[in-house]
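What follows is a single structure, written as structure tokens, with notes after it.
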Amino acid sequence: FWKLLNAVGPRADIARACRQQEALFQLLIEEKTGGEKNKKFAVDFKTLADVLVQEVIKQSVENKFPGLGKKVLGEESNEFTNDLGEKMIVRLCPTEEETAELLSRVLGGNKLASEALARVVHQDVTFGDPALDAVEVDIPQDTLGIWVDPIDSTYQYIKGSADIKSNQGIFPSGLQCVTILIGVYDLHTGVPLMGVINQPFVSQDLNTLRWQGQCYWGLSYEGTNLHSLQLPDPRSKSSDTQSRGTEDAGSEGERPPGLSAVISTSEKDTIRAALARVCGERVFPAAGAGYKSLCVVQGLADLYIFSDDTTFKWDSCAAHAILRAMGGGMVDFSRCLRASSGRAHDWPQLLYHAGDEGAAGVDRWANKGGLVAYRSQKQLETFLSLLIPNLAPADART
């Protein structure tokens, strides 16, 4: 487990490096088209940072677990087109020099930028966590599949807003909504087993303009449930360091009682109206499926609900695994609405091993029925028991 966590773990340094210089960053943007395009957005982008993060994770997994790299599936194609219209496959080469040469072709001969990116890509990044020192969990490699979303909320990443204020700790938009998502699941059952969420842009030092990030992980396997939030928050800062990003974040203990929910900015009006009746003013719009799930993991919101079919397996697998380790989960929203009754453990959990054979492109891997992410089974039951009646027509509720 420890080796696997390090293999799929933090590579936020690549995302930060690609954002460091605006002139360089403009070279890295390419519009998605055709089957790769997410129908939720009028314009959908991928960046070289997306592709690099995904390829580095694949290579790291393959190096530590030969054969497993082929089971790493992600949102991004590693085909990239440069300004000259040349198409090439972006990959991690055996040496830093070879990777720099390949990236130079992608970046139209920008040697300095290519060498800087290659240097970051080839860094051997590991991290430690005291909670894992005594953990011995042996998961058979041939049962594992991995979903990767190398940069979730790409639009916020491209836009790069660093001065957005949070609402009770939840950012509606901005770089804080960017996440890197890696979810490990059982190939036979589709159940999520392990998740890593890397948040590259948590707080910014206003003197150096350098960003600090945070990595969250969780494991739920055969009765073993561990997660990084069992530890004290390591993000505490000295009083003489000025930073942007956490200045008005509220803690869970400061929130008033009652259910709270985080939602997409594009959520349907009918869902918003029902949520207003259930949660009052404690409904928080935010960007990024990964970030909204992370808000539930962190306890900033009790639930994340999304009624549309425009999230995908790579968006949800990582957070789902962490939530399972915490005693929560992620269920199919539409199937919950169709269920006449049931207990929380009977609600239909999302699964990750099979796609929709009747769909094409990315839609094959969509969470067709929407989703509800939750930390507590009791809260899920309470929430659904209140929400479902409020989704009925007004005359049926009177």
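Cβ from N, Cα, C; glycine included.
Features reported for this protein in TrEMBL:
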| type | residues | note |
| --- | --- | --- |
| BINDING | GLU75, ASP149, ILE151, ASP152, ASP315 | Mg(2+) binding site |
| REGION | 230-262 | region 'Disordered' |
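Here the features listed in TrEMBL are placed on the structure.
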residue : record              : Cβ contacts under 8 Å, 6 or more apart
GLU75   : Mg(2+) binding site : ASP50, GLN54, VAL148, ASP149, PRO150, PHE312, TRP314, VAL362
ILE151  : Mg(2+) binding site : ALA15, THR47, ALA49, ASP50, VAL53, TYR157, VAL178, THR179, ILE180
ASP152  : Mg(2+) binding site : VAL178, THR179, ILE180, LEU181, GLY288, ALA289, GLY290, TYR291, ASP315
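Each of ASP50, VAL148, PRO150, SER153, THR154, THR179, ILE180, LEU181, ALA289, GLY290, PHE312, TRP314 belongs to the same chain as GLU75, ASP149, ILE151, ASP152, ASP315, is absent from that list, and has a C-beta within 8 angstroms of the C-beta centroid marking the Mg(2+) site.
A sphere of 10 angstroms centred on the C-beta of ASP149 (Mg(2+) binding site) encloses 29 other C-beta atoms. All protein chains shown were included, and the count of other CB atoms within 10 Å of the CB of ASP315 (Mg(2+) binding site) stands at 28.
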